[in-house]
Amino acid sequence: MAVVLRGGITGGFLHHRRDASSVITRRISSVKAAGGGINPTVAVERATWLPGLNPPPYLDGNLAGDYGFDPLGLGEDPESLKWYVQAELVHSRFAMLGVAGILFTDLLRTTGIRNLPVWYEAGAVKFDFASTKTLIVVQFLLMGFAETKRYMDFVSPGSQAKEGSFFFGLEAALEGLEPGYPGGPLLNPLGLAKDVQNAHDWKLKEIKNGRLAMMAMLGFFVQASVTHTGPIDNLVEHLSNPWHKTIIQTLFTSTS
């Protein structure tokens, strides 16, 4: 996942925990030199994923969630860095939707409210209103259109909000100022990030939750492969015997 490589790992590994507004603090003191000139001294304090780490120069802290984590140097090329930023953002959003959907449907299934399949078997369900082939074709068309428009906005920022960009008259509702954040009343109905001062805070919250969701999805994959049950089932089993029903014992049991 390019996501983790670009931005870093949040949580307990951070050197300093701060709000986005104080991720980078600059203190400039001016001292008069003997000749009457001004000698500025700049001290820059960065939150990093590892104490004492010197972040690479291309990760200067301006990106949301940038804690200087790029051991492979994938973002050294500016154009590649732009692409990885968008890749992380999209994967984060899909992961957040996926985690929420899995937990919600699993809760309905385990409580008996709805007769639903466990999440990793949902793709095998047959629907009466359409065949599997029809659903695949429809998904290709809809997702293909959306992803094509997103890529075009990445190549030419703001182009999809212009009149005549073939968006069924919704161009005015896509007034975002940068790729990945189309904004407007369609995708930002509450206007949460219209305030420039708070926009970075919302971006940081989104990327932190997105990274957490991607780790959760990875956990769901491993969980399903090892236990062949859903996350709610595993949680209930763990709570029934917290000292003996843990991830470590489960992994050792499955390998023995």
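Glycine is treated like the rest: Cβ placed from N, Cα and C.
Taken from Swiss-Prot, the feature N-acetylalanine covers ALA33.
DSSP gives ARG93 (chlorophyll b 2 binding site) a helix state. Here ARG93 (chlorophyll b 2 binding site) comes close to GLU206, GLY210: these same-chain residues lie at least six apart in sequence, with C-beta atoms under 8 angstroms from its C-beta. Under the heading chlorophyll b 2 binding site, Swiss-Prot lists ARG93.
Positions annotated as transmembrane segment by Swiss-Prot: 94-113 (among others).
Taken from Swiss-Prot, the feature transmembrane segment applies to 129-146 (among others).
Under the heading chlorophyll b 3 binding site, Swiss-Prot lists GLU147. In sequence order, the list of same-chain residues 6 or more apart from GLU147 (chlorophyll b 3 binding site) whose Cβ falls under 8 Å from its Cβ is empty.
The chlorophyll b 4 binding site annotation in Swiss-Prot covers ARG150. Around the Cβ of ARG150 (chlorophyll b 4 binding site), a 10 Å sphere holds 16 further Cβ atoms from the protein chains shown. Under the DSSP three-state reduction, ARG150 (chlorophyll b 4 binding site) is assigned to helix.
DSSP classifies LYS205 (chlorophyll a 5 binding site) as helix under the three-state reduction. Residues or ranges marked as chlorophyll a 5 binding site in Swiss-Prot (evidence: similarity to another entry): LYS205, GLN223.
As annotated by Swiss-Prot, chlorophyll a 3 binding site applies to GLU206, with the evidence given as similarity to another entry.
Around ASN209 (chlorophyll a 4 binding site), the same-chain residues six or more apart in sequence whose CB sits under 8 Å from its CB are SER92, MET96, listed in sequence order. According to Swiss-Prot, the feature chlorophyll a 4 binding site maps to ASN209.
Sequence annotations record features per position, and here Swiss-Prot assigns transmembrane segment to 212-232 (among others). Within its own chain, the transmembrane segment (212-232) has Cβ neighbours under 8 Å at 1, 3-4, 10, 91-92, 95-96, 98-99, 102-103, 106-107, 109-110, 118-120, 250-251, 254, counting only residues six or more beyond its boundaries.
Residues annotated as chlorophyll a 6 binding site in Swiss-Prot, with similarity to another entry given as evidence: HIS238. Within 10 Å of the C-beta of HIS238 (chlorophyll a 6 binding site) there are 15 other C-beta atoms, taking all protein chains into account. Following the DSSP three-state reduction, the secondary structure of HIS238 (chlorophyll a 6 binding site) is helix.
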Rounded Cα separation (Å) that holds between GLN223 (chlorophyll a 5 binding site) and ARG150 (chlorophyll b 4 binding site): 33
C-beta crowding around GLN223 (chlorophyll a 5 binding site), within 10 angstroms: 20
Inter-residue Cα distance where the pair is HIS238 (chlorophyll a 6 binding site) and ARG150 (chlorophyll b 4 binding site), in Å: 42
